[in-house]
Amino acid sequence: MPHSCTSSQLPHPPLDEMGLGNAGTSSPAPILEEGDKDPWALPQLKDTGQSWKDLSVAGRVRKMVVGFLKAIGLLGNLYLFICSLDILSSAFQLLGSKVAGDIFKDNVVLSNPVAGLVIGVLVTVLVQSSSTSSSIVVSMVASKLLTVRASVPIIMGVNVGTSITSTLVSMAQSGDRDEFRRAFGGSAVHGIFNWLTVLILLPLESATAALEKLSDLIVGATSLEPGTHTPDILKVLTQPLTHLIVQLDADVIADSATGNRTNSSLIKRWCGTKEEPTTGNLSNCEGLCPGTNNSTSNNSTSQHLFAHTSLTDLAVGLILLAGSLLVLCSCLVLIVKLLNSVLRGSVAQAVRTIINADFPFPFGWLSGYLAILVGAGLTFVLQSSSVFTAAIVPLMGVGVISLERAYPLFLGSNIGTTTTAVLAALASPSGMLLSAVQVALIHFFFNLAGILLWYVVPVLRLPIPLAKSFGNLTARYRWVAIAYLLLTFLLLPLAAFGLSLAGSMVLAAVGGPLLGLLLLIIIVNVLQRRRPTWLPRCLRSWDWLPYWLHSLEPWDRLVTRCCPCKACSSPKAPIKKAHCYENPEVLASQWF
């Protein structure tokens, strides 16, 4: 066969031709334009400048100054990026606090585990803060408005919802196809891990209440006393800037869920000065201050950009949302450009070697567990899993951290944020101490169980191949990333929540067959790749279905027609590779 190519040169069929279910296979197929090159291999970041030895004295001084300025710029943009995340969280709290409170009030809906899970996801997406969502749960459990058993699915949803931040950050690298593949795959591996853990533990918890019993056993075996709050290092650094922009009363969301507060404003209003105390005469500030008790006077001297505004929380939230997103995207673009400029040649190789290094044989398996400890430690220091994961994703995009090494770092981040929650729970008032610690322990054991499920046994590290499949798919069709974001964190949770309002029977009648169909499609796709002879001849391919049901090409043409920008368009396959792919004899020898 004169025009045939070898099996190593033959590209696998594109993901969309085999169905989306193939995302579950352990060796995802590369897309056509990659040829025989591994698209997940870390790129060579070459240094195009002169070497240090070849530079003159003036050149060396100039290079040192430029390097110092780049480092300052990188740290400055990282600081503004973290501050913009804080402001973005405040914006979402202003926009979604009332909705979050109203959702948590419906105790009938919360009795449904699936509804509780969806509510945890939606509320965390709304307020962009897993700590805020967890504090609502703790307050409701402590106020006897929510049982510990009903809080477990919500905590699982909170864990899933917090992974949206890294997905949003990966969008900033959509301009470069390979960078976007790595960045989006890195953000997806975090969300996939959380969803897979939920799929296993939610039914198990509903049947056995294992997490509730384990946490109750540990809390009952210890004598706990209220402590002091652990210092939040990150907020100490960011508050001087963020408090000049806006200050919120973090207790209002929890109080709105428990029904203890009637004032609807989250913004701390300025009512006076130390020379003009507001205590005892709050009538002049009625409707402006966040409360009517004496504690308001402690914040009476707080000044920020919206301290004197008459705008509603919704208007302020929209302003902050637009401004924070603008700063966030600008900082991300600058960080990526500076990283590409700084991490070159020997510097890139040194950083990459340190981060992706493995212990010598036979202790290589310990490297991943060390990465888990590093991720947990850094998250504990930063006291924000969102900031840590958002910082890892750009490094993956530029090719410094591999997906295999980022995966345990993300798992460690999950553990780190729960240990922070445990220490914060120990600082709760005596009336809320036991409930706060138990909820925090449930969150900790949930993530620990996920690590035992999806990391300890290498064969079961399914989030990695699944994330690579998503990365390959979004590299070919970039609009799939937007669809993933909307479906995973908004549309599907809203649909499940709507069905849960109709009752458990309706949810089971609609959701059960859909989940069964999805599982069947995944199994058939895996068998098509691995054991096609086990399937009936009609199921060995999806060609009998309408083209738009087994391929994304028609959808891609539709999206490209509506959005003709270069970022949305898919690449064209080279003629030679397309000929090899279309050759039926080569295909038969490769797949059957």
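Note that Cβ sites are derived from N, Cα and C of the backbone, with glycine treated the same way.
Curation does not apply to TrEMBL; its annotations are automatic.
Database features, via TrEMBL:
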type: COMPBIAS; residues: 1-10; note: compositional bias 'Polar residues'
type: REGION; residues: 1-33; note: region 'Disordered'
type: TRANSMEM; residues: 72-94; note: transmembrane segment
type: TRANSMEM; residues: 114-138; note: transmembrane segment
type: TRANSMEM; residues: 150-172; note: transmembrane segment
type: TRANSMEM; residues: 314-336; note: transmembrane segment
type: TRANSMEM; residues: 369-395; note: transmembrane segment
type: TRANSMEM; residues: 407-427; note: transmembrane segment
type: TRANSMEM; residues: 433-457; note: transmembrane segment
type: TRANSMEM; residues: 477-499; note: transmembrane segment
type: TRANSMEM; residues: 505-527; note: transmembrane segment
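Remark: the transmembrane segment (150-172) makes no contact with the transmembrane segment (505-527), by the rule of 3 or more CB pairs under 8 A. Within the chain, the transmembrane segment (407-427) has long-range Cβ neighbours (under 8 A, six or more residues past its boundaries) at 130-131, 134, 138, 159, 162, 189-190, 193-194, 224, 226-230, 368-369, 371-380, 383-385, 388-389, 392, 401, 433, 436-437, 439-441, 443-444, 447-448, 450-451, 455, 461, 463-464.
Contact check: the transmembrane segment (433-457) against the transmembrane segment (114-138) gives at least three Cβ pairs closer than 8 Å, residues 6 or more apart, which meets the contact criterion. Per-stretch counts of Cβ pairs under 8 Å to the transmembrane segment (477-499) identify 114-138 as the leading one among 72-94, 114-138, 369-395.
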